[in-house]
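One structure below.
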Amino acid sequence: MAMVCLSDFEAYARKYLPKIAWDYFAAGADDCTTRDENILAYKRIRFRPRMLRDVSVMDIRTKILGSEISFPVGIAPTGFHQLAWPDGEKSTARAARAMNTCYIASTYSTCTLEEISAAAPGGLRWFQLYIHRNRAASQQLVLRAEALGFQGLVLTADLPYTGKRRDDVRNGFRLPPHMKVKNLEGAFEVCKMSPSFHSLHWQYGLPPNSLDPSVTWNDIYWLQSLTRLPIIIKGILTREDAELAVRHGVQGIIVSNHGGRQLDEGPAAIDALVEVVEAVQGRVEVYVDGGIRKGSDVLKALALGAKCVFIGRPAIWGLAYKGEEGLQDVLRILQDEFRLSMALAG
């Protein structure tokens, strides 16, 4: 079948991934209202195209925190890529480098930071951090990422606890025995679990209560004391928090509702973007993720003030289709559609 648009990759992944893996990647929290709204909100936005502009030459390159990328689409941090493709995050890193864009590697990768770096030397990579109760483990990850040449630290702010993703609960989601949360191996005492399902957290490969729900804005100062890397905060949805982010000296904000996987009934990411961009007034770079399915969505996000967008689930669909090659196809389609939308909008 010809892969013409991102929904072709979605259909392929839905058909060929094991149900438990598909459900994990597709999951939203509770009723999935926010997950679905992320996509619907883009559909409600309309262009005001301008005519008879010379669009014979178009430059779609941009810079994020001073690093040039070939077009304003990067890869958002998502966990457990080996569920989609045997080489996991190594393939993701290679595809991002081949397309000359940014890949944000997740704390919850099924490959180590070292493996990800070695797979695509010289690629532009940021590292996404969850702060765990075991602060020493989080500190080690930050130091490892910096030593390996990762160029940004992305702090996820919207996950003090894991959202309730009903299909994962129904499926009793666990990582297959041969997969591990590689970056955190040995960081936690692994205790024997009874088959009963008291803790939702066990689904995600770590012991219950390992995330630190006491993290506050002051922990940004703690991170700044550990690293010289620029800090980007992910999960901001309001003017108030955007102001606080700037005040605490972050270099970037990713407007995100975690793909609708955390608090259900919050705003669609693209709707929250407008409020955040207005609050920030150019003092830090603002990016957005959640709901981007077409090149025209990328243009809408840029028109509303984003510097760049990041894709989550579509990257997984690309991996599920053909690994690194499939993910490159997804990025190339978005790139072509974005260029065409730019031209047709004048």
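Count begins at 1; order follows the chain as displayed.
Placed from the backbone N, Cα and C atoms, the Cβ positions cover glycine too.
TrEMBL labels come from automatic prediction, so no person has curated them.
Going by TrEMBL, these are the annotated features:
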{"type": "DOMAIN", "residues": "1-346", "note": "domain 'FMN hydroxy acid dehydrogenase'"}
{"type": "BINDING", "residues": "Tyr24, Arg165, Arg261", "note": "glyoxylate binding site"}
{"type": "BINDING", "residues": "77-79, Ser106, Gln128, Tyr130, Thr156, Lys234, Ser256, His258, 289-293, 312-313", "note": "FMN binding site"}
{"type": "ACT_SITE", "residues": "His258", "note": "active site, proton acceptor"}
In Å, how large is the greatest distance between any two Cα atoms among Tyr24, Arg165, Arg261, the listed binders of glyoxylate?
10
Near the glyoxylate site, what residues other than Tyr24, Arg165, Arg261 in the same chain have a C-beta no further than 8 Å from the centroid of the listed C-beta atoms?
Asp23, Phe25, Ala26, Ala27, Gly28, Ala29, Gly163, Asp167, Asp168, Phe173
Within 10 Å of the Cβ of Gly291 (FMN binding site), how many other Cβ atoms are there?
27
Quick one: average pLDDT across the domain 'FMN hydroxy acid dehydrogenase' (1-346), no decimals.
95
Say we define neighbours as other CB atoms within 10 Å of the CB. Which of the binding-site residues Pro77, Gly312 has the fewest?
Gly312
List the residues of the same chain that sit at least 6 positions away from Ser106 (FMN binding site) in sequence and have their Cβ under 8 Å from its Cβ, in sequence order, or write 'none'.
Pro77, Thr78, Gly79, Glu89, Gln128
Which residues, sitting 6 or more apart from His258 (FMN binding site) on the same chain, put a CB under 8 Å from its CB?
Thr156, Asp158, Leu159, Gly163, Gly235, Gly290
For a quick check of packing: other C-beta atoms within 10 Å of the C-beta of Arg261 (glyoxylate binding site), how many?
24
Round to the nearest Å and give the CA-to-CA distance linking Gly312 (FMN binding site) with Arg261 (glyoxylate binding site).
12
